[in-house]
Amino acid sequence: MKLGVNIDHVATLRNARGTSYPDPLKAAEIAIDAGADFITVHLREDRRHIRDEDVFNLKKSISTELNLEIAATEEMLEIAKKVKPYSISIVPEKREELTTEGGLDIVNMHSKLSSIIEEMHSSSIKVSLFIDPNIDQLKYLEKLGTKPDIIEIHTGDYCDNPSEKKLQLITNAAEYVNKLGIECHAGHGITYEHAKKMTRIPHISALNIGHYLISEAVFYGLHSVVKTMKMTMSN
């Protein structure tokens, strides 16, 4: 199972004082050296953490794949076409939220998402959609004219208040996505304990983890916590 390390909150710390440090690129390099399989950043419309120049620097400099999380807006899609990351992940976005609060509403967005996927594929960019583990939403993937390359299952509800029932919803969602022939990732709120459970779910091929790793890095160092997470996932 692959580990994608989200380094947004390195930029949050930098922006808190308006300094040039800590540098997200340095964090990415450390994470990669410790075993991260790819790097994820979320370029939000309000630029509250990652900025445009961070994304371009990362694409130019890192040795692994870059996954760029963005909202489904014309501005962000144009930036993606200029950056040309390995993949983009379309996420819902509200200015007032502290973090992404849920998955995309595919029921009401399937035609828009189809055109976005087609547009990105024409620029050789893979597309991931961030979706709740809700089969009623996932069924609408079959209505998409062009299929996404990846579905990332939103694990926040489970991670905030774990239960076997919620874990089963994630398991069922991953199985459904796999039957459609789409790669399945998972992310949001994942800790070491959650990761142990996620690695037992068939069909999930990668986890995206950010806030927890950066928080633990304050006490134990980024290299150490990324390495520990990789070991946790491989066990």
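Placed from the backbone N, Cα and C atoms, the Cβ positions cover glycine too.
Feature annotation from Swiss-Prot assigns active site, proton acceptor to H42, E69. If you look up Swiss-Prot, you'll see H188 marked as active site, proton donor, on the strength of sequence analysis. What Swiss-Prot lists as 3-amino-2-oxopropyl phosphate binding site is N6, R17, G189, G210, H211. What Swiss-Prot records for D8, H9, R44, H49, T99 is 1-deoxy-D-xylulose 5-phosphate binding site. Among the features that Swiss-Prot reports, site 'Transition state stabilizer' is placed at E152, with the record citing sequence analysis.
With the fewest other C-beta atoms within 10 Å around its C-beta, R17 stands out among the recorded positions H9, R17, H42, H49, H188. Binding of 3-amino-2-oxopropyl phosphate is attributed in the record to N6, R17, G189, G210, H211, and the widest Cα separation among these residues amounts to 25 Å. In this view, E152 (site 'Transition state stabilizer') is surrounded by 31 other Cβ atoms within 10 Å of its Cβ, with every protein chain counted. In sequence order, the recorded positions near D8 (1-deoxy-D-xylulose 5-phosphate binding site) (Cα within 10 Å of its Cα) amount to none of R17, E152, H188, G189. Of the candidate recorded positions, N6, H9, E69, G189, the one lying closest to E152 (site 'Transition state stabilizer') when CA atoms are compared is E69.
Working note on the recorded positions D8, E69: by count of other C-beta atoms within 10 Å of each C-beta, E69 ranks first. Between the binding-site residues R44, H211, the minimum number of other C-beta atoms within 10 Å of a residue's C-beta occurs at H211.
Within 10 Å of the Cα of H49 (1-deoxy-D-xylulose 5-phosphate binding site), not one of the binding-site residues from the list R17, G210, H211 places its own Cα. Of the listed binding-site residues G189, G210, the Cβ environment within 10 Å is emptiest of other Cβ atoms at G189. Long-range Cβ neighbours of N6 (3-amino-2-oxopropyl phosphate binding site) (same chain, at least 6 residues apart, Cβ-Cβ under 8 Å): I39, T40, V41, H42, G187, N208, I209, G210, H211, L213.
When Cα-Cα distances from E69 (active site, proton acceptor) are compared across the binding-site residues H9, R17, R44, the shortest belongs to R44.
Of R17, H188, G189, all annotated as recorded positions, the residue with the shortest Cα distance to R44 (1-deoxy-D-xylulose 5-phosphate binding site) is H188. Taking CA atoms as the reference points, H9 (1-deoxy-D-xylulose 5-phosphate binding site) and R17 (3-amino-2-oxopropyl phosphate binding site) are 13 Å apart.
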